[in-house]
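Under the heading domain 'Glutamine amidotransferase type-2', TrEMBL lists 2-214. The annotation active site, for GATase activity is assigned in TrEMBL to C2. Marked as L-glutamine binding site by TrEMBL: D100. What TrEMBL records for I291, S363, G364 is ATP binding site. According to TrEMBL, the feature site 'Important for beta-aspartyl-AMP intermediate formation' maps to D365.
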Amino acid sequence: MCGIVGIFDMQGNRAIDRELLHRMNESQFHRGPVEGDLHLEPGLGFGHRRLSIIALEAGLQPLFNEDETIALVFNGEIYNFRELRTELQGLGHSFRTPSDSETIVHAYEQWGEDCVGHLRGMFAFAIWDRLKQTLFLARDRIGIKPMHYAVLPDGMFAFGSELKSLLSLPNLRREIDPLAVEDYFAYGYVPEPRTIFTDAFKLLPGHTLTLRVGQPLPKSKQYWDVPFTPHAAMSEREMEEELINRLREAVQSHLISDVPLGAFLSGGVDSSAVVAMMAGVTDGPVNTCSIAFNDPAFDESDYARQVAEQYKTRHQCETVDTDDYGLLDTLAALYDEPYADSSAIPTYRVCQLARKRVTVALSGDGGDESFAGYRRHRMAMGEERVRSLLPLAVRKPVFGLLGAAYPKADWAPRIFRAKTTFESLSRDLTEGYFHGVSINNDRLRGQLFSDGFKRRLQGYRAVEVMRGYAANAPTDDPLSLIQYLDMKTYLPGDILTKVDRASMAHALEVRVPLLDHKFVEWVSGLPSSSKLRNGEGKYIFKKALQPHLSDDILYRKKQGFSIPLAAWLRGPLLETMRRAVLNPALLDTGIFNPAFLKQMVDEHQSSAKDHSTTLWSVLMFDAFLRKNGAAGASPAAATVAAPAIAVAAA
């Protein structure tokens with residue numbers, strides 16, 4: 001696992017500023033504290049920070065082919081590199097190192113840009129082809145590893161694992177993209193391909209980007225998508241057996257390592273399944289870790305301990321104070337753009353704990369997306385059944401009026417929040433699902449934003465992100481569609497971003513076997529009725545795991561990795577929140593409606609309403625602005641010199 005950076009002259013072969021490249025590289029020191037290196041030649045510079053996992057003495061990058069016409073910088077792991085190595089040697093390729101990185105170099109030599117289709121793993125890499133004068137960037141299919149890029153005003157192209165590497169460049173314009181602000185306050189993160197800045201972007205998962213000297217920046221090219229290709233008919237027993245076999249193989253493929261390896265164990269279905277499979281394919285005890293909370297309402301450690309005892313793991317558990325709110329500025333520095341998922345705090349702590357014993361940890365992320373495990377999947381399908389009974393022309397006015405008239409019950413489980421349900425029923429599936437997953441819905445964002453900022457949006461709404469994916473979805477099955485939307489938005493934008501930044505902050509590599517692309521492809525072909533049945537999400541997954549895990553683990557109420565946010569913002573974080581949300585510098589951006597901000601603060605403080613999600617999103621936006629030197633940011637659309645930030649016109 002590593003951090004990579006690069007600068008490429010799109011116009012010719014101008015010299016690359018070594019100091020700038022070094023600054024970019026060192027901004028990601030935490031991703032690779034073992035060693036780092038730079039490579040410069042006319043028109044190109046590569047940088048690399050290394051965390052040694054495989055071939056500890058032979059993985060220094062950039063890495064070249066035999067005649068040094070191809071250079072690679074690579075972040076990630078290739079799990080099938082040994083099989084690929086054997087295949088490529090049979091085709092006449094000679095290897096100088098035992099590393100998985102060199103496999104990519106020879107795969108590119110053999111198959112060109114199609115090499116990505118041969119790779120099994122998590123990756124983001126750049127290849128400089130000296131003969132073709134091309135720079136080739138690629139990101140893994142699911143988006144486990146990040147890749148950011150920007151075209152600078154002087155015609156230079158820069159890329160890096162994290163956005164902070166680009167923010168090291170003084171000539172990157174710091175204009176805030178108003179569309180990204182709308183996206184952030186809807187989703188709680190900025191979905192790909194946008195970043196919070198108008199001139200910086202994320203390479204989409206499952207995409208490549210090829211730049212050629214003397215040519216403008218092209219569009220990225222998609223090389224993979226979730227297929228949703230139905231399987232031949234199987235009995236339920238056959239399905240269960242095949243699922244376990246494929247899960248075991250996916251987990252085993254992720255265990256290749258030359259350093260200590262373990263697993264996160266929360267006591268939930270997904271992490272417990274991964275640990276169960278690990279225990280079955282390893283010789284010694286599995287290293288597991290979890291965190292406990294001193295508030296029983298948020299503590300799952302007893303369930304984690306139950307699985308640890310069942311599989312005789314070397315379990316490590318530490319108690320974390322639920323009042324662990326001192327990480328606000330740390331999180332702003334980690335994420336480089338606004339990020340409102342409060343579970344980033346316990347995720348940071350569990351990565352910190354894991355790193356005390358291991359360098360690589362397997363996690364259970366991805367199970368909910370593949371097997372329809374979220375409550376919102378059940379709610380959306382219930383709403384879709386109602387939609388199927390009435391045309392939109394009837395639903396929109398009837399349920400729209402009911403939604404407007406019904407009081408909002410923030411405190412209640414969604415099944416009882418009739419206002420939210422009515423509002424979702426007045427929309428089509430995509431918009432209804434967007435409404436259900438939004439941390440701040442359309443109406444709330446309409447109150448939150450100033451009139452001037454809403455004009456700057458020029459009618460843009462964050463639902464367009466989901467609409468774009470829905471229009472090109474490879475399925476017309478309703479449940480598969482919303483799973484697809486999660487895989488394109490929430491999974492890479494929230495979950496995988498959170499895990500990457502939290503783990504890399506501690507030089508810990510996290511692997512996600514449930515997101516192995518072969519496993520994801522197979523699961524996507526299962527019928528929806530096997531994933532969600534009689535209100536039970538992950539139906540076939542849980543059935544298949546019954547011989548391996550107790551019903552206490554499989555069928556208990558899903559808890560999630562949460563913190564007491566509402567209580568924090570009424571108690572120990574109240575004054576911090578008030579100062580941030582009512583900060584004159586924040587109001588000077590022109591984005592927010594000051595009266596509504598004050599109303600929310602007062603209503604939350606008095607417990608009249610729970611505005612914790614919205615207030616937290618504003619709090620983290622303010623932390624981002626402060627971290628990026630935007631205390632006096634002007635709302636004007638003009639570019640301003642770094643480090644100040646302006647809000648651009650849409």
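For all residues, glycine too, the Cβ spot is worked out from N, Cα and C.
Curation does not apply to TrEMBL; its annotations are automatic.
Given the structure is predicted, the values throughout are model-derived calculations rather than measurements.
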Under DSSP, is D100 (L-glutamine binding site) helix, strand or coil? helix
For G364 (ATP binding site), list the number of other Cβ atoms lying within 10 Å of its Cβ atom. 22
For D365 (site 'Important for beta-aspartyl-AMP intermediate formation') and the residue listed as 'L-glutamine binding site', what Cα-Cα distance in Å is obtained after rounding to a whole number? 24
Expressed in Å to no decimal places, the gap between the Cα atoms of S363 (ATP binding site) and the residue listed as 'L-glutamine binding site' is 21
Any further residue of that chain within 8 Å (Cβ to the Cβ centroid of I291, S363, G364) of the recorded ATP site: A263, F264, L265, S266, G268, S271, S290, V350, A361, D365, F561
About how far apart, in whole Å, are the alpha carbons (Cα) of I291 (ATP binding site) and D100 (L-glutamine binding site)? 33
If you measure between the CA atoms of the residue listed as 'active site, for GATase activity' and the residue listed as 'L-glutamine binding site' and round to the nearest Å, you get 13
To the nearest whole angstrom, what is the C-alpha distance linking G364 (ATP binding site) and D100 (L-glutamine binding site)? 24
Could you tally the C-beta atoms, other than its own, that fall within 10 angstroms of the C-beta of the residue listed as 'L-glutamine binding site'? 25
So for D365 (site 'Important for beta-aspartyl-AMP intermediate formation'), how many other CB atoms are inside 10 Å of its CB? 24
Determine, from DSSP, whether D365 (site 'Important for beta-aspartyl-AMP intermediate formation') sits in helix, strand or coil. coil
Would you find the one among the recorded positions C2, I291 whose Cβ has the most company, meaning other Cβ atoms within 10 Å? C2
